[in-house]
Amino acid sequence: MNNNAIVNGTDSPGSASGDKRDLLALLKLIKKYNLKQTEELLCQEANIRSEELEDLDDKEISSLLTSALGDNQENNASGTTIHAGSENDPEFYDTVYGELRNFVDESLDIYKHELFMVLYPILVQIYFKLVSTGYAKPARDFVEKYGPDLDYYYREDLQNLLLITKRSDLENNDFVTAMETDKFIIRMSRDAHSLFKRHIQDRKQELIADIVAKYLHFDTYEGTARSKAQCDATAGSLIGEARRQDNKIRVYYGLLKEVDFQSLTTPAPSVVEEEDDNDPDAPDKPKKKKPKKDPLFSKKSKSDPNAPAMDRIPLPELKDADKLEKLKALREASKRVPLNKDSLPSVCLYTILNSYHSVTCAEISEDSYMMAVGFTDSSIKVWSLTPAKLREMKTAEHLKDIDKDAEDVLVRMMDDRTGEAARTFYGHSGPVYRCAFAPEKNMLLSCSEDTTIRLWSLHTWTCIVVFKGHLFPVWDVRFSPHGYYFASCSYDKTARLWATDSNQPLRIFTGHLSDVDCVQFHPNSNYIASGSSDRTIRLWDVLNGQLVRLMTGHKGSIYALAFSTCGRYLASGSSDHNVLIYDLSHGQLVTSLVRHTGSIHTMCFSRDGTILAIGGLDCYLTLWDFSKLAEDYIAQNSNASHNPEINEGDTYLLRAFPTKCTPFLTLHFTRRNLLLAVGTFKA
């Protein structure tokens, strides 16, 4: 501070700090309206003498008022005093950021790409500072000047940034909250980070140092700095990148041991074979026959070292009917067609006509017998995909006469006279966004814009339970592969775990910075994955609700998730038209599948895990060689999470099927590896 500006130990008004200038302007305004008592009290509390008010002109008062309203750019243009070289001067921010930009440009190529990643969060924080001090127009000019230099995937964020023009806009804004409450994470080599710190210290850029300390977190590592492609592969989310520490917890991604089918009460008929009788004393004795082991049961399921304990979470016990259904599924799977690059699946596309603007979702049951479709008019329609009709349960009077111990008791309970090819559910009061069949095939879940989740009976064809808890529209709902549990996600930025016998959520998963668009259960039911508009994917532990994986890389909202059949890999589809594959053992990005030109809303792995099918809004269905992809990844044995080798392009693409004009709603592999697809014809 200039010593000449100090009079009797008190700062003169011309060089007073910003806070004191505001107080002086406020006192001048109070004095103007002759509020003497208020003036005296405020002068006493703020330790301000009345003489200090005389040097303050009306422009200072006008500046204070317009700044409080969040818009003083006109006042600035008309001659408000701005002290050059201070943080009250918009040109000061421009100069500081320009120096930083030049430093990045002039850096060695090996460090330039990692250093470039600091520009976006610093630009955003400078914009917030300018708007909060009332300089909306200089703030806009600042972003329009430097914004085009940033990476393409930040363009949408910068457009949203320019909508913030007043101080009041900074409050209760998801984007502002994300940038200010959670530090922006940048993964950087130790050499590049040292270079950046040295630049700030040498140039004495206190503004940049303050922003870095408050709003940035550097996850440094030893080794060579990353290339441009490697930086872009994991960048793009609202939080920057994931810290390596976020992915250190062990994940039990293996599959649970299957039920012992030998213990079934009604085993399949044995196949017999003749036994050679070599007894020389009885050559004419008839040959005995011994039962031949069914190859279906002879294979013992090996325990997976990466699988969780069977009792890690409480799972529902299998009833006899469930065991028989699993046995039926196993027998059908034995007739499965093995898929590979030389033997691709046949595809059956169900096209829904005259309903492009009214159909919101579609789902096919695990056994491929039924299809449910949700509509914007809040109704749900269920079709039978086989000649069998959808029957209703008999009345209570007729159920009394049924033998409860009969093997086909479930069949006898249904009334053949009520069979229909399709049935409709009514109950929601808003568009239905997702349907999900229970593994037992006796219930259907649905979620809606009305913030509720409904559980429907496929025996009585009525609503059983209405689950309330979400505060905003519910985007997705999924049943656990083992039944009983289900997961949901909503615009309220949470994902929740429920049980069918409880109307309150068992777990509430919080952490996403924007609405959660999709959820998916892991095949072993111990984990739930969630994808969000904050462009991150999070893996949650069902047992304790803990976040165990945080994965970044998408440049748009995430709309589809699919776990591989083996449970180790997770595929995610987004509005950025790309599908990313992650390894859950390390939380590492494996590869990016780039082919589609529209948002990805559905994906599905074949039953044997060799093929990944992807359906997009670009009316294309693509098939990818996932077994080759996994083999190549394991062969590379790359565990360096800061330096992944990302293979892009059509390397693993096997086939692309175009439709005439039908975007895909859902994909489903049958037990025999026939691919079923559902879409709405866009006329």
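Note: Cβ is positioned from N, Cα and C throughout, glycine not excepted.
Look at TrEMBL and you will find 272-281 tagged as compositional bias 'Acidic residues'. Per TrEMBL, compositional bias 'Basic and acidic residues' is recorded for 293-303. What TrEMBL records for 87-216 is domain 'TFIID subunit TAF5 NTD2'. According to TrEMBL, the region 'Disordered' annotation covers 266-316. Positions annotated as repeat 'WD' by TrEMBL: 352-393, 425-466, 467-508, 509-550, 551-592, 593-627.
Residue counts for the domain 'TFIID subunit TAF5 NTD2' (87-216) under DSSP, split into helix (H, G, I), strand (E, B) and coil, are 99 helix, 7 strand, 24 coil. Confidence over the repeat 'WD' (467-508), given as mean pLDDT on the 0 to 100 scale, stands at 95. Secondary structure counts, DSSP: the repeat 'WD' (551-592) has 0 helix, 24 strand, 18 coil. Per DSSP, the secondary structure of the repeat 'WD' (425-466) breaks down as 0 helix, 23 strand, 19 coil.
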